[in-house]
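One structure is given here, and the rest of the page talks about it.
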Amino acid sequence: MGSSLNKPLSDRVEDINNQSSMIYDPWRHRGDVNSTYHSSSSVTHRRRNHRLSPLEKQKMKNIQSLNFSVNDNLLQREEYEKTTKGLHLKKTFGKWIICLFLGVIVGCIAYVIKMVVQLLQGLKFHYTNHYVSNGLQGEAFLTFLGINLLFVFLSCLMVIVAGPLASSSGIPEVKGILNGVKVREALGFRALLGKIVSLVLSFSSGLFVGPEGPMIHIGSAVGAAISQFKSSTMGFYPSLFLSYRNDRDKRDFISIGAATGLAAAFGAPIGGVLFSIEEVSSFWSRQLTWRTFFTCVIAAFTTNFLLQGIGSSPDMHDTGLLTFGFSRLYLFRYSELLCFCFLGLIGGLLGAFFVFLNIHLNKWRKEKLKQNPYLRLFEALFVSVVTSVVCYYASFIFDCRYQSNIVIETSVCEDQSNTEMVQFFCPDGMYSELGSLLFGNPDQALRRLYSRTNNMFTLPPLLVFTLISLFFSIWSSGLWVAGGLFVPMMMVGAGFGRLFGQTISMWFTNIDSSIYALVGSAAMMAGYCRMTVCIVVIMVELTEGTQYLVPIILAVMISKWVGDFFNESVYEHLMEQKSIPFLQSKPPHSTNNIRISDVMSKNVVVLPEVCQVRLLVNILNSNNHNAFPVINSGPYDNQRLYRGIILRDHILVLLFYRVFYRGTGEEIYLDENFDFDKFTTETSKSPPPLSEMNFDQFELDSFIDLRPYMNSSGVTIHNTFSFVEAYKLFRNMGLRHLPVIDINNEVVGMVTRNDLF
């Protein structure tokens, strides 16, 4: 082989261009049924019998990834040298200030949502009860139905206007983003506004939805917005937040926002932190724990202060969108622990059943209804009609009971007003059992189910309520309205928990059914979402007492084990249905015998360190790859020695601002007018398309020195690596691209996130 060191730079560039003319296909190994890769499970989920379909793979291929790794280039290193201790403290202090504002804003949003929901629900029941008190059954139903339909119509209409990302809980999208997936517009202003308005209306409409999931999405969107503080539409890019405009810092603030949203929804700051750690965040640090806890406390305090601190009552113990009071009474005996374990078993079975039906229902919606706004609107209105009819007329099924028969001993919620029942069409002094559970808001229903008395409800109404709640929770999940699942699942769990508690109290005296309702709620939540520590802490924070800790822990752990035996959590299935390429913490066992050379793309497009503009334009026009290894020709022909990696967006910025020169390439060329601040500012924006750049012949013959801008510390692996170890690098370091080199440091392949599925 002849030496290439003495060739002119233009000839060496042409040689590299010819060597790299073939564009790698990141899916070339997926179509070969005989390949080692295809013979194993191609998905990171735990179910052994699942494989991604070609359509699912293609959808995942079209989804881009985020850049969590630091771009350690020459500009960045020079900036590090200029950074003093004072500037570092300023950036750190700025993060705490952002957290403070994030907590206050999310707390204010939670307060506004609760106040508006109370207003709308109050108006609905005010007009409905006007006809109920006059014995006008038909008029009362039509009023009840009409208002519910109006709220659902407006809620669904808001989703149609704002986009599908404003519907449901938004947790799958948040999990995907925090895992490294770029879900476009999921945290944009339109999705945020649509989510808030749709949530207020859907939660007021009587549908079996809750506020906690959307609040997590809302908190994440606020965290993303306030940390970036920019507007591409208005061309607003203040330099004050420049150092935070990167995917890594944005990811941290989204994690904080997700925790803050839950903390504001439940008034549970510790539960919010644990939720972000256990469920949504894929990357965590000790510093992030401190900031998340601080922000959650600020959000919970802000909501609480606005709800109670401004008013006449000085009490500050009852917080959140959902509040259940507190008790210091010890309400169970250790001989009942076996019964609590049984509740965990039932919660796991019902949770797995819920996930199973939810999967198939959403699959049917995806195939039949698609994204058709008219069909989606019709479905939401139809579900509202059926829900209103059942909740209204089910209250007539059972006979009325005398209010005087209820003996209030005490309650999980000590506020005695929580046990006030709904009279509905019953005579004075009597109440409707199902009406007290179905004809009202979920907060009141849960308070009544948690009340400490065994003669408030009889067994048949509790059974009917549990079945109705489960059925409509399944049906309402996935509608084109904003709504979560925590509260509906708590209602289902409280229903079967109290039913079980009152059943065994027929044979064993001194059984407190209220604690069974509480434990049942925790078991049902763990059964469908498979969280453990987070749920235990949330339930303890809701009741403001640790006396329920042992039974809740038992029920939650058993419920998770039972549910995991049948399927995964509902959020993982939803991510799969939405084709969000989520990397689990560990690869499937079936990939243990796969090498990285089996999945890597071997014909890689590479760039020289000093690249001609003409070559760059041709390469960018001929493919849509998002990163290119940068090489330096070795002493022999065809050698491609790895030097670094550069992103497509960064190349577009360099081309747009004409960072050109016509030197020999012997010295590193650094444009003084394109410093670190300029480079960071421009790369934080959406890059201009190549089609809008017009170059003359002089510019096309010029060169760009990529060395100051490429990431020279990018992670690489040898072609002898196993798939499992490469997977761990992607998962633990938040990588987007991973060049593969041989023993001579030559680029022989490329692996992306999409190659892991």
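For all residues, glycine too, the Cβ spot is worked out from N, Cα and C.
Across the topological domain 'Cytoplasmic' (1-96), mean pLDDT in this model comes to 61. The topological domain 'Cytoplasmic' feature in Swiss-Prot is assigned to 1-96; the stated evidence is sequence analysis.
Sequence-distant neighbours of the transmembrane segment (97-117) (same chain, 6+ residues past either end, Cβ-Cβ under 8 Å): 196, 199-200, 203-204, 211, 215, 218-219, 222-223, 226-227, 244, 253, 256-257, 260-261, 264-265, 291, 294-303, 306-307, 320-321, 441. What Swiss-Prot lists as transmembrane segment is 97-117 (among others).
Marked as transmembrane segment by Swiss-Prot: 141-161 (among others).
Cβ atoms under 8 Å from those of the transmembrane segment (196-216) belong to residues 106, 109-110, 113, 116-117, 120-121, 124, 144, 148, 151-152, 154-156, 158-159, 162, 166-171, 174, 258, 261-262, 264-266, 275, 280, 321-322, 383-384, 387-388, 391, 442, 469, 472-473, 475-477, 479, 481-488, 490-491 of the same chain, restricted to positions at least 6 beyond its ends. Annotated transmembrane segment per Swiss-Prot: 196-216 (among others), in sequence order.
Marked as transmembrane segment by Swiss-Prot on the basis of sequence analysis: 253-273 (among others). Remote same-chain partners of the transmembrane segment (253-273), defined as residues 6 or more beyond its termini with a Cβ less than 8 Å from a stretch Cβ, comprise 98-99, 102-103, 106-107, 109-110, 174, 177-178, 187, 211-212, 215-224, 226-227, 244, 280-281, 283-284, 288-289, 291-293, 295-300, 302-304, 318-323, 534, 537-538, 541-542.
Look at Swiss-Prot and you will find 292-312 (among others) tagged as transmembrane segment, backed by sequence analysis. Residues of the same chain lying 6 or more positions beyond the ends of the transmembrane segment (292-312) and with a Cβ under 8 Å from any Cβ of it are 96, 99-100, 102-104, 106-108, 110-111, 114, 219, 255-257, 259-261, 263-264, 267-270, 272-273, 276, 318-321.
Look at Swiss-Prot and you will find 337-357 (among others) tagged as transmembrane segment.
Summarising the annotation, Swiss-Prot assigns transmembrane segment to 378-398 (among others) and lists sequence analysis as the type of evidence. When Cβ-Cβ distances below 8 Å are used as the criterion, the transmembrane segment (378-398) is approached by residues 141, 144-145, 148-149, 152-153, 155-156, 205-208, 365, 369, 422, 424-425, 432-435, 438-439, 458, 460-461, 464, 468, 472, 475-476, 479-481 of the same chain, each at least six residues removed from its ends.
If you look up Swiss-Prot, you'll see 462-482 (among others) marked as transmembrane segment, on the strength of sequence analysis.
The transmembrane segment annotation in Swiss-Prot covers 484-504 (among others). Residues of the same chain lying 6 or more positions beyond the ends of the transmembrane segment (484-504) and with a Cβ under 8 Å from any Cβ of it are 169, 171, 208-216, 322, 339, 342-343, 346-347, 350-351, 354, 437, 442, 445-446, 449-450, 454, 457, 459, 462-463, 465-466, 469-470, 472-473, 476-477, 511-525, 527-529, 570.
Sequence annotations record features per position, and here Swiss-Prot assigns transmembrane segment to 506-526 (among others).
The annotation transmembrane segment is assigned in Swiss-Prot to 535-555 (among others) on the grounds of sequence analysis.
What Swiss-Prot records for 600-667 is domain 'CBS 1', and it gives sequence analysis as the kind of evidence.
The domain 'CBS 2' annotation in Swiss-Prot covers 710-757, and the record cites sequence analysis as its basis.
Outside the transmembrane segment (337-357), and at least 6 residues removed from its termini, the chain residues within Cβ reach (under 8 Å) are 470, 473-474, 489, 492-493, 496-497, 500-501, 504, 516, 519-520, 522-530, 550-551, 554-563, 565-570, 573. Same-chain neighbours of the transmembrane segment (141-161): 120, 123-124, 127-128, 131, 167, 194, 197-199, 201-202, 204-207, 373, 376-377, 380-381, 383-385, 387-389, 392-393, 479-482, counting only residues six or more beyond its ends whose CB sits under 8 Å from a CB of the stretch.
Beyond the transmembrane segment (462-482), the same-chain residues lying 6 or more positions past its ends with a Cβ under 8 Å from any Cβ of the stretch are 152, 155-156, 159-160, 164, 166-170, 194-196, 198-199, 201-202, 205, 207-209, 214, 350, 354, 357-358, 361-362, 365, 373, 376-377, 379-380, 383, 386-387, 390-391, 394, 397, 434, 437-438, 488-489, 491-492, 495-496, 498-499, 502, 570.
In terms of DSSP secondary structure, the domain 'CBS 1' (600-667) contains 19 helix, 20 strand, 29 coil.
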